[in-house]
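> Copied straight from Swiss-Prot:
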BINDING   GLY172, SER173, ASP312  pyridoxal 5'-phosphate binding site
BINDING   TYR205, LYS341  substrate binding site
MOD_RES   LYS341  N6-(pyridoxal phosphate)lysine
TRANSIT   1-57  transit peptide
Amino acid sequence: MAKISRLFGSTVKAAITAQAGFHGKRIPAVSSLQEHIVKSTPARYNSTQACLENDISGTDNKGFKGHDMLAPFTAGWQSTDVDPLIIEKSEGSHVYDMQGRKYIDTLAGLWCTALGGNEPRLVDAATKQLNTLPFYHSFWNRTTKPSLDLAKELLDMFTAKKMAKAFFTNSGSEANDTQVKLVWYYNNALGRPNKKKFIARAKAYHGSTLISASLTGLPALHQNFDLPAPFVLHTDCPHYWRYHLPGETEEEFSTRLAKNLEDLILKEGPETIAAFIAEPVMGAGGVIPPPATYFDKIQAVVKKYDILFIADEVICAFGRLGTMFGSDMYNIKPDLVTLAKALSSAYMPIGAVLVSPEVSDVIHSQSNKLGSFSHGFTYSGHPVACAVALEAIKIYKERNMVERVNRISPKFQEGLKAFSDSPIIGEIRGLGLILATEFANNKSPNDHFPPEWGVGAYFGAQCQKNGMLVRVAGDTIMMSPPFVVTPEELDELIRIYGKALRETEKRVEELKSQK
């Protein structure tokens with residue numbers, strides 16, 4: 001083992017700081033095949049870190065080891081023993097560290113800087129609003145014009161199903177917490193006090209606050225936090241490559257998952273199930289596009305039992321998939337919608353909840369009875385955040401960003417999927433400007449590389465060494481470049497990916513020879 005550990009350089013440590021992979025305890029209501037894989041991942045994650053920890057010896061001490069931040073999604077040893085990668089400047093699709101090194105930011109920050117790192121119109125919008133009205137709240141029927149304008153804009157542009165009201169938050173996590181409170185408020189108003197349970201999916205990501213982390217189907221967000229909350233259930237992840245049965249078609253797979261969902265509803269009692277929440281394409285769980293008819297079948301089930309459908313569009317909205325919203329891509333007709341990230345291109349923290357007339361009318365009536373709708377945040381509808389979001393939406397429309405994504409995404413998708421024949425790649429999946437590579441031994445979803453090899457972390461380190469940042473989660477690599485990425489930058493991205501892959505193939509071959 002020590003011999004294998006020495007094969008890993010200190011650059012791997014920098015790559016694994018981005019990990020928030022698939023690890024943890026059993027998720028309820030997951031099929032036995034999926035359960036086996038979910039339960040097998042904690043050892044993979046932990047032993048990879050243990051192996052890498054043996055070689056924490058960065059050569060260029062920048063003086064920030066043991067810094068003062070309790071860093072999100074970061075292991076303690078990383079903060080104490082490894083200098084963080086400190087990003088100082090951004091331009092377009094690139095970011096620069098404190099030493100002036102330039103990187104292609106293939107994850108657009110965290111799936112969010114859709115307009116790149118230095119869009120002057122967004123800076124100007126923020127500056128103008130700061131000079132006019134830097135803050136005012138939206139409580140007690142007092143508010144600001146940017147928040148009213150943004151609410152109208154969002155309601156007008158979401159066309160998958162008519163929406164009637166918008167509620168503003170500071171993040172996707174807060175927005176999904178709000179969704180739960182709205183649904184409970186709604187069912188209480190209708191005299192259904194027992195209809196309170198939520199169904200999410202294994203490998204889903206819906207946030208990291210108390211309730212949104214419970215909805216999330218990545219057990220690392222539950223472990224030692226006493227989560228998930230008891231009112232949250234999880235059903236199957238729609239990842240066909242990994243979870244289909246032998247000989248099962250995508251259509252049959254989707255039918256089985258819909259049947260499993262219905263069985264779960266019947267087991268719990270339809271009168272207890274309030275809502276189903278789903279990302280159109282799963283993001284942090286590994287970029288998992290569903291089979292073509294999956295959402296049609298799922299929606300039929302939830303509608304049958306009077307269960308609300310919440311579309312978590314935090315990653316997919318505003319063009320990421322090649323449609324303005326992910327709901328447009330998959331014919332989803334949600335009752336509630338969650339937005340954040342690209343809403344402001346991440347230049348200001350802001351999230352939103354869109355509420356259908358059927359739900360908002362009930363909430364309106366109930367708030368009249370109670371004298372108030374007693375939910376909100378100090379910064380709900382912050383005028384600066386709303387002004388920036390309004391300008392971002394103007395840019396998306398004026399520059400035809402959806403059309404642009406459709407124009408450049410074939411180069412991105414086809415250029416990377418051309419590497420699918422690599423002996424260490426199990427699957428490359430994605431659409432639009434979002435993609436994942438999953439490494440697998442013998443190209444099989446059921447044949448993992450030994451966890452101590454850290455194949456994904458090594459690939460990520462090679463990318464970083466060559467001027468590109470990717471997201472590493474176990475042996476899955478995720479990418480979602482800014483919408484403004486150029487064809488030339490995509491050529492460079494593909495070149496670095498290929499170089500990192502060749503180095504990783506060599507490393508895997510070397511490790512196999514040590515067994």
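Placement of Cβ uses the backbone N, Cα and C atoms for every residue, glycine included.
Could you place the listed features in the three-dimensional structure?
The Cβ of SER173 (pyridoxal 5'-phosphate binding site) lies under 8 Å from the Cβ of HIS206, GLY207, SER208, THR209, SER212, ALA213, GLY351, each of which sits 6+ residues away along the same chain.
Reduced to three states, the DSSP call for TYR205 (substrate binding site) is coil.
The Cβ of LYS341 (substrate binding site) has LEU110, TRP111, CYS112, ALA114, GLY172, VAL314, ILE315, ALA317 as same-chain neighbours under 8 Å, each 6 or more residues away in sequence.
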> Ranked by the number of other Cβ atoms within 10 Å of their own Cβ, which of the binding-site residues GLY172, TYR205, ASP312 ranks first?
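Most Cβ neighbours within 10 Å: ASP312.
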> Around the pyridoxal 5'-phosphate site formed by GLY172, SER173, ASP312, list the extra residues of the same chain whose Cβ is within 8 Å of the site's Cβ centroid.
SER171, GLU174, ALA175, ASN176, TYR205, HIS206, GLY207, SER212, VAL314, THR338, ALA340, GLY351
> What does DSSP say about ASP312 (pyridoxal 5'-phosphate binding site): helix, strand or coil?
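Once the DSSP labels are grouped into three classes, ASP312 (pyridoxal 5'-phosphate binding site) ends up as strand.
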